[in-house]
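Colleague: One structure, pasted below without further comment.
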Amino acid sequence: MDTKVKSACETCAHFNADGLKKMGIHTDNVDFVVALAGNPNTGKSTVFNSLTGLRQHTGNWPGKTVTRAEGGFEYNKQKYKLVDLPGTYSLLSTSEDEAAARDFILFGKPDVTVIVADANRLERNLNLVLQILEITDKAVLCLNLMDEAKRNHIIIDERTLARDLGIPVVATSARFSQGIPELIHTISEIANGNIICKPHRIKNVPSNIENAVKTLTAEIEKEFPNIPNSRWIAFRLLEGDTEIIKALKSGELV
Amino acid sequence: MKYNPTYALILFFIISGVLYVLFRPAKGWFWIIKNNFKSNEKIVTEDILKQLYHFENSGNKVDTKTLLQVLDFNNNQIIEVVKKMTINDLIYFESDVLKLTNAGRDYALRIVRIHRLWERYLADKTGFSKEEWHDRAEMMEHKLNHDETNTLAAHLGNPKFDPHGDPIPTKTGKVAEVHGVELPLLPVNSIGRITHIEDEPEIIYKQILAENIHMGSLIRVVENNATRIVFLSEGEEFRLAPIVAANLTVAPIEKEIIIEDNIARLSSLKEDETAIITGISKESRGESRRRLLDLGFVKGATIKIDLINPLGEPNAYLIKGTSIALRKDQAAKILIKKD
Amino acid sequence: MANKNIDHILELSNELRWQIGDEFHDNLTEGIYADAAQIVSDTVQVDESKKRFRLDRQIDKIVTSKVFGFPIMFLILATVLWLTIIGANYPSSLLAQLLLDTFHPILKTGVAAINMPWWLSGFLIDGVYLAVAWVIAVMLPPMAIFFPMFTLLEDFGYLPRVAFNLDNLFKKSGAHGKQALTMTMGFGCNAAGVVATRIIDSPRERLIAIITNNFSLCNGRWPTQILIATIFIGAVVPSTFSSLASLLAVIVIAVLGMAFMFGTSWALSKTLLKGQVSTFNLELPPYRPPRFWKTIYTSLIDRTMIVLWRAIVFAAPAGAVIWLISNIYIGNESIAAWAIDSMNGFGFLLGLNGVILLAYIVAIPANEIVIPTILMLTVLVTGIDGGAGAGVMFELDSVNATGDILKAGGWTLLTAINLMLFSLLHNPCSTTIYTIYKETKSVKWTVFASIMPVILGFIVTFLVAQIWRIVF
Ligand SMILES: Nc1nc2c(ncn2[C@@H]2O[C@H](COP(=O)(O)OP(=O)(O)OP(=O)(O)O)[C@@H](O)[C@H]2O)c(=O)[nH]1
Ligand SMILES: [Mg+2]
C-alpha cells in the first residue's frame, strides 16, 4: 500500500517533525485555539484524530459528529487546542443542528479556523468556505479526500485556488495521514502571524443588497470601530438574526 | 372472583373503550368538557374587539344583533361582556351601532398583531398546513402577553406582513399598506406579484389554496373577461372565476421580467432527463427554503435523477456533484426547465 | 462590557430589509454560489475523457432497487445477528469459566484467609464482583462482535441508504427519514441514538425520534434476547433447526421493535405531537472501503472500555443491591422474597412473574444485568441449589443449566416469549433517561419517554398472555 509514502513536506525544511507532540485530551494552558469547520462528511473528525491522536468517532454519513470535541497537540513548543465541530452546510440558516458550529466560529473566536473541504465537490463546499471567510481572516483551507479526487480524475490548481480565496490551501488525505504535516505547519504559521490572509469577499451580490449592506456596514463601524467582520454582521442583521442582535448588544462580537 | 383469561381480556377491552371515549383526540368527552370551561370573558372580549376592528376597516356598521350572529359564543354571555366593555371604555354605542374607543382600537390592534405574527410563525417555522394556520392563531392570540409578542416578533425579524399578505401592526400600532390591485383589474399580459390572499370567506380561500396559488409568486395574465381570468405562475396555468380572483391582490411590475413558459417542477423529472433549476416556488418558505438553497438548489444549477426510491419517494437527485434525496412534496417546489 | 445602544442600527436594518424584500436569502446564496462557480472554473479540471465506471452507482442501483432493496436490508440484519449469536458462544463460555469458575473461588478463599467478615465478603464478592463478572462474560462477547460489524457497515456508507429506502414509511408515520439513522444508532446504544437525533432539524420530528429510540433493541438487550431465544425457542424445534429458530425469534423481536417505532411515531404525530411532516433532505455519500482492521481494533477497544466502565459503574451497585435485598430480612422473609411475592400476581397477569418484574426494577441502571438478576432471584425463591447462597449470582456453566433453573422456577414458553417482548418494551436504562432529559430539557417528555414503553409492554404482554391461555 502506498499509504506510508512520506509526503513531501515531512522531509522538507519547514516541517519540524520532532516539534510535534499529540496531546490527546489534555488541553490546559493552550497558546492557540484552532477550529475544524466544514461541510458534513468531509473528514473533519479524521483530521482531528490524526492531529490529536484521539479516536473521535468517524463514519461515512453526514451528521456523524453532533457535539463538539476538543483535543490538543503541541508543535514547536506551542500548545494548540483543536475543536472538532459538527458539519454544516451553511452559516446563514438558523437551524438548530448547525448552531454548535455556527456559534463557535463566530463567538468562540478561534485563532485559526481550518476549513475542511471535499476536493471532489469543491463548488458546493465553497458555499460554506466563502461564508466563513466573511467572518474570519485567519483560516486555512484543508482540501481533503485528495485520494478520491485523484481517482475521479479531478485536478485542482491549489495555487490559483489559494490566490482566489486569499488563504493558504493544503491538500490532504486525512485517512492516510497525507498532508497533515503541511497542515500543522500552516496552522502554526497563521497562528503566529507569519502568514497574513487576505480572504475573498463575496462579490456576486445584487446591487440593491450590496448598497443596503454598505449603508449598514458603515453604520455598524461607526458604533463599533474595531469590529473585524462588520459586513457579515450586516448580512445577518438584514436577515433578522436574533442571536447576532443579542451578541451585538452585549458587545460579545467586538 | 377467580382468574379467567377471557374475563381478564373482556375487562381490559371495557377499560380501554372507556378511556378511548374520554380521551380520544379532539372529540373525547374530557376535552369537550374542558373546552367548554375555557370560553371565558377575556376571550369573548377580545373576539368582540377584533370583529369590531375588522368591521370598522371594511366600513361596515355593527349592532348587537350582527355581533351575536358572527360570534359563536353563548348569546347571554356576549351581551354580558358587551355591557362590561362599555363600562371599561373599550367600546361605546352610537345609537344602535357599536364603536371602538381609542383604547379599544389599540387593544384590537394588539390582538390582530398577535394573530398575524403567529400565522407568520406557523408559516415560517413550523410544518402546519395552511388550512390550520388561522385556527391555531385564533387560539394563540388570547394567550401571548405583551413581552412575549415582542420577543416573537423579534425572533421572526419584525415582519411587516403575515403569510396572507395582511399587514402586521407594529408595536406602536402602525399598519403598513398593501400594494397592488385586485387581480380582475389587471389587463391581459401584465405581470405582477401576488401581495395578498384574502382568507375570508373561507370557501373561496380554501379554493385558492387548493389551486396551489402562493403569496409572492410572479404571475402573468393571459386572459381576462367576465367569465374567467387565466394567468400563468410558476410554470402552471390557473383559471379562476372573477369572484375568486377578486380575493387576490397583485402588485403590477413595470420592469421587464420574462416569465418562462415551459417551466416544470422537479417532481416531474424522469430518469435520464436533465434540467436546469430556474428557482424555488414561493410555496417553500422559511427554514426549508433556506436549506434547499444551502444544499445547492439554486438558479442555474444542473440537476438529474440519481436514484429512484423502491417505495416511490424520496428520489435522490444529482446536484453539484452530490446525490441528495428529497421527498416528492419538496421536489414539487423546485422549478426547473428541462433540456 | 456595558450594553451598547444599537437601536438605530436595528432600526436601519429593519428598514433596509423591507426595501430589499423577501428575496434576500435567495439572492445572497445565489451570489455565493456564483462566486464559487467562478473560482471552481478557474481552478478545477475534470478529465472527462477518463470517465470511469461508477461503482458507487452500480451498488446503489442494487441496494435501493425495488426487488433487492428490502431483502438486502433484511439479509444484512440477519447476517449480523447470526454472526453475533454464533460467534459469541465460545468466548462467552471461556470468560465465564475464567471469571466465575476460576477467579471467584480464588477470591473467596482469599478473603477467607484475611478473615473478612461474612457480610462484607458477601457484599463485595458475591454481590459486586459477580455482577461485574457476569456482565463481562455474557455481554462483552456479543457486543465485541456486533459493534465492529456495525461500524464496518457505517464506514462503508450503507446507513444513509437504509434511511433512503425507509423514508417513505417514516413519512407516512409523520416522522423524519433521518430517524432511520438514529434508529440504527440505537441498535448499538439508545443513549447514543438519542444524541444522534440532533441531525433531525425539525423539533417535532426530533422529539418523536427521541421518544421512539427505545424501540431499537440496544446492545444491553440483544444478549438477553439471544439467551432466552436459545434456551426456550430453540428447544421447541428439532435440534438441527434450533439455532435457526432462535435467530428468527430474535429477528422477529427486532422487527417488531421497528413496527412499534413506526406505530408509536404515527400515533404521536396524530395526537400529542401534531403537526405536518416537515421537509427531509439527505446527502448520500460515496461508498468508501472501510479500513477493516483499524475499525475492528478501535471499536473493540472503545467498546470494551465503555462496557467495562458501565459494568463497574452500574452493575456493581446493582449487584450490591441484589445481595442486600436478599440478605436483609423483615420478619422471616427477605426484602427480595417479599417484593417478589407481592408482584407475583401482577406478573402472572402479564405472563411473567414477580422475579422478572423485580429484576427489571433492580436493573433500571443497566439492562445488561437483567438476566443474571433473574437467575439469582429465581434461585432464591425456588430454593434450588444453584449457587453459593442467598443473593449470589451463580455460574452459568452452560445454557442448559440456566434453562433448567428457569424451568424449575416455573418458566414456560409463554414466560420466555413475554420476557423477550418485555425486554423490548420497557423503560429505557438510566443513562438513556438522563440523555433524553439533557437533549429535550423537558421533564415532561423525559417522563413520558420513560413510562410510555413500560405501559406498552404491560399491555402487549397482558394481551399475549390472555390469548395464549385461551388458545392453549
Ligand atoms: N478516502 C478517504 N476517506 C476519508 C478521508 N478522510 C476521511 N475519510 C472518510 O470519510 C468519512 C467521513 O469522515 P469523518 O471524519 O467522520 O467526517 P466529518 O467531516 O467529521 O463528518 P461529520 O462529523 O458528519 O460532519 C469516513 O468514512 C472517513 O474514513 C480521506 O482523506 N480519504
Ligand atoms: Mg465528524
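Backbone N, Cα and C atoms are what each Cβ position is placed from, and that goes for glycine too.
Sharing the record's features from TrEMBL:
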TRANSMEM  C:67-90  transmembrane segment
TRANSMEM  C:102-120  transmembrane segment
TRANSMEM  C:127-150  transmembrane segment
DOMAIN    C:138-228  domain 'Nucleoside transporter/FeoB GTPase Gate'
TRANSMEM  C:180-201  transmembrane segment
TRANSMEM  C:222-241  transmembrane segment
TRANSMEM  C:247-268  transmembrane segment
DOMAIN    C:251-298  domain 'Ferrous iron transport protein B C-terminal'
TRANSMEM  C:307-330  transmembrane segment
TRANSMEM  C:342-362  transmembrane segment
TRANSMEM  C:369-393  transmembrane segment
TRANSMEM  C:405-425  transmembrane segment
TRANSMEM  C:445-468  transmembrane segment
Colleague: Report the listed stretch (C:247-268, C:342-362, C:405-425, C:445-468) having the maximum count of Cβ pairs within less than 8 Å of the transmembrane segment (C:222-241).
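Modeller: Checked against C:247-268, C:342-362, C:405-425, C:445-468; highest Cβ contact count belongs to C:405-425.
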Colleague: Give the residue counts of the domain 'Ferrous iron transport protein B C-terminal' (C:251-298) per reduced DSSP state, in the order helix, strand, coil.
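Modeller: Once the DSSP states are binned, the domain 'Ferrous iron transport protein B C-terminal' (C:251-298) shows 27 helix, 4 strand, 17 coil.
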Colleague: Please work out whether the transmembrane segment (C:67-90) lies in contact with the transmembrane segment (C:127-150), by counting C-beta pairs under 8 angstroms that are 6 or more apart in sequence and asking whether there are at least 3.
Modeller: yes
Colleague: Same chain, outside the transmembrane segment (C:247-268) by at least 6, Cβ under 8 Å from its Cβ: which residues?
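Modeller: Same-chain residues near the transmembrane segment (C:247-268) but 6 or more away: 77-78, 81-82, 85, 169-170, 172-175, 179, 183, 208, 211-212, 215-217, 222, 225-226, 229, 233, 420-421, 423-425, 452, 456.
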Colleague: Report, as numbers and ranges, every residue of the chain located at least six residues beyond the transmembrane segment (C:180-201) whose Cβ falls under 8 Å of a Cβ in that stretch; write 'none' if there are none.
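Modeller: Those are 146-147, 150, 159-160, 162-163, 166-167, 170, 209-210, 212-220, 258, 261, 428-429, 431-432, 434-436, 439, in sequence order.
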Colleague: Who are the chain neighbours of the transmembrane segment (C:127-150) in space, where the CB to CB distance is under 8 Å and they lie at least 6 residues beyond its ends?
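Modeller: Answer is 80, 83-85, 87-89, 91-92, 95-96, 99-100, 103-104, 107, 184, 187-188, 219-220, 222-223, 226-227, 295-296, 299-300, 303-304, 307-308, 310-312, 315-324, 366, 368-369, 371-372, 391-393, 396.
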Colleague: Below 8 angstroms Cβ to Cβ, which residues of this chain, lying six or more residues outside the transmembrane segment (C:342-362), approach it?
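Modeller: Apart from its flanks, the transmembrane segment (C:342-362) reaches 318, 321-322, 325, 336, 369-370, 373-374, 377-378, 381, 409-411, 414-415, 417-419, 422, 426, 458, 461-462, 464-465, 468.
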Colleague: Mind checking how the domain 'Nucleoside transporter/FeoB GTPase Gate' (C:138-228) divides into helix, strand and coil residues in DSSP?
Modeller: 73 helix, 0 strand, 18 coil
Colleague: Given the model, what does the mean pLDDT over the domain 'Nucleoside transporter/FeoB GTPase Gate' (C:138-228) come out as?
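Modeller: Overall, the domain 'Nucleoside transporter/FeoB GTPase Gate' (C:138-228) comes to a mean pLDDT of 87.
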